[in-house]
Amino acid sequence: MIKQAIEKVVNHENLTFEESEAVLDEIMNGEASEVQTASLLTALTAKNPTIDEIAGAAASMRSHALAFPETKDVLEIVGTGGDHANTFNISTTSAIVVAATGTQVAKHGNRAASSKSGAADVLEALGLDINETPAVSYESLQENNLAFLFAQEYHKSMKYVATVRKQLGFRTIFNILGPLANPAHPTHQLLGVYDETLLEPLANVLKKLGVTNAMVVHGRDGLDEMTTADETAVVELQDDHLTKYTVTPEQFGLKRRQRADLVGGTPEANADITRRILAGDHGPQRDIVLLNAGAALHVAHPALSIQAGIDLAAKTIDDGKAFEELNRLLAFSDKRKDVVA
């Protein structure tokens, strides 16, 4: 299959969903050579992958992932990375705030690739066990409304492309597959992307993958998040319909900030920023978390406007519930470590 797929893509022909899924199956099963894998990835990058090609590849990744117990109405807050902004862990902090409102969040993430601190790095620095089994993570989702699914534990088949990706050295389809391959199969998703041209295609991919409500966002300062330093371009998926619009921080009563105010550092430094935000510190870092948490709450509960989501996120922090959520997660993690020990 991969030989035919390479020939097709080299000739600027598109693969169907089924063809893309089948060829990724070959790669994920270790049946393709590194030369073949590199050829396909290079040809896809040169052509630009279509919605069907991305969705088929994501479906393959999901099917090869470690199984996660079935969930219902679960939210994911994630970015593609690759914006080279070195911000603190905005999505992860926002996920904790959203979980504290009683909304279930299955956060799928990894260690840092293009930044200094990925979701796994900062959660580990906060004191959480990032290597929990699917059963334990599911238990955390039910008890604490938040589960972390460590990508490298769930996607063992990625070992077949790791060397090729590193040696190619440029972005490939795999740079956008990670946020689409959550084994918890979220039905609601806030997805940040590094390039505005990805907004509509990835919204359509999410639709094909069974997501019912989503916002795909790109900060015009370059962030793969909702940003407080510039406008944010949005494509929203709701009721099978896509809507494009732009938002500014000012329309939600938030100050426009400098991107330098949002820069993080090491996992330990970012963990400290997260703790301070959850404990109620005010300032630029809180504001961007409120904006992203508010958008995520709107995605999870469409009847709630983004503004109402921001207000709920602020109240959740100010009432101490967000910090309580972090402490619950830490206590749960410690308890499970003791059981294993």
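Including glycine, each Cβ sits where the backbone N, Cα and C put it.
Copied from Swiss-Prot, the annotated features are:
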- Gly79, Asn110: anthranilate 1 binding site (BINDING)
- Gly79, 82-83, Thr87, 89-92, 107-115, Ala119: 5-phospho-alpha-D-ribose 1-diphosphate binding site (BINDING)
- Ser91, Glu225: Mg(2+) 1 binding site (BINDING)
- Arg165: anthranilate 2 binding site (BINDING)
- Asp224, Glu225: Mg(2+) 2 binding site (BINDING)
Same-chain residues at least 6 apart in sequence with Cβ under 8 Å of the Cβ of Asn110 (anthranilate 1 binding site), in sequence order, are Gly118, Ala119, Ala120, Phe150, Ala151, Gln152, Gly178
Protein Cβ atoms within 10 Å of His108 (5-phospho-alpha-D-ribose 1-diphosphate binding site), excluding its own: 25
Going by C-alpha distance, which of the binding-site residues Ser91, His108, Arg111, Arg165 is nearest to Asp224 (Mg(2+) 2 binding site)? Ser91
CA-CA, which of the binding-site residues Gly79, Arg165, Glu225 lies nearest His108 (5-phospho-alpha-D-ribose 1-diphosphate binding site)? Gly79
Which of the binding-site residues Gly79, Arg165, Glu225 has its Cα nearest to the Cα of Arg111 (5-phospho-alpha-D-ribose 1-diphosphate binding site)? Gly79
Neighbouring CB atoms within 10 angstroms of the CB of Thr87 (5-phospho-alpha-D-ribose 1-diphosphate binding site), all protein chains considered, total 26
Rounded to a whole angstrom, what is the C-alpha distance between Gly79 (anthranilate 1 binding site) and Arg165 (anthranilate 2 binding site)? 19
